[in-house]
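Annotated active site per TrEMBL: HIS61, in sequence order. Taken from TrEMBL, the feature ATP binding site covers ASP65, GLY66, ASN67, ASN68, SER69, ILE70, GLY71, ARG72, TYR103, TYR104. Under the heading domain 'Fido', TrEMBL lists 1-125.
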Amino acid sequence: MSPVWIGASGDTPSTAPFVPPLPQYLGDLLTDWEKFVNDDGRRLPTVIQAALMHYQFETIHPFLDGNNSIGRLLINLLLRERNELEHPLLYLSHYFETHRAEYYSALQGVREKGDIENWLKFFCRAVSEQADDAVLRSRKMVGLIEAYRAQAASARSNLPRLIDIISVNPFVTVRSVAQALDITEQGARNILRTAASSEFAWIESRGTSGRGGRERWVARDFLEIMEDPMTYLE
């Protein structure tokens, strides 16, 4: 099997900045990696173990494609398995992408110079700043949910139950609401129309799409909180 390499377009294994281990070594390397994750690494603080686990996985680079996505997913899975993260709200991928050059430089620094300290500092800063962002974003979400609940307190329908749906996924259809609330599609349609009325203005139509031209709705206030640029605590 030919080697995988990481570099610019046009690079070859001889010119690429990094060439992961050859396929014949992957079995032993992944066995060692798994042992570190499930055994040896447990003596370390969880965030430090997650940083080292991610570096090791990215360096082993076992797949032809998708290593970055899997490597980043593994961070949240480890933190949740260690009961350090109740919900997957730590969006490290965003930090890594917005600090892309520094991210890859820190990884490469470990490979070339053994500079593990710089990588750990970068990773811990990413965790800290993304945790701050998640806290602020969560506070905004809770505040909006409470405002909507107060607004819907006197509603004589399933309208208050819609809040739980759109705060998780701001994109809804009649069918998705009917299934989530276990009501008829006509009942769901009535709720959506009420939520879109000038009295509430929680959602707005995004037009129709798909087979049968089903209308899509978006809860703009929740979507904006989710899509806001990163913010940090002072």
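Placed from the backbone N, Cα and C atoms, the Cβ positions cover glycine too.
Following the DSSP three-state reduction, the secondary structure of HIS61 (active site) is coil. The 10 Å shell around the Cβ of GLY71 (ATP binding site) contains 22 further Cβ atoms across the protein chains shown. The Cβ of TYR103 (ATP binding site) has PHE96, PHE122 as same-chain neighbours under 8 Å, each 6 or more residues away in sequence. Taking only the Cα positions, the spacing between ASN67 (ATP binding site) and HIS61 (active site) is 6 angstrom. Looking at the residues that bind ATP per the record, ASP65, GLY66, ASN67, ASN68, SER69, ILE70, GLY71, ARG72, TYR103, TYR104, the two CA atoms farthest apart are separated by 18 Å.
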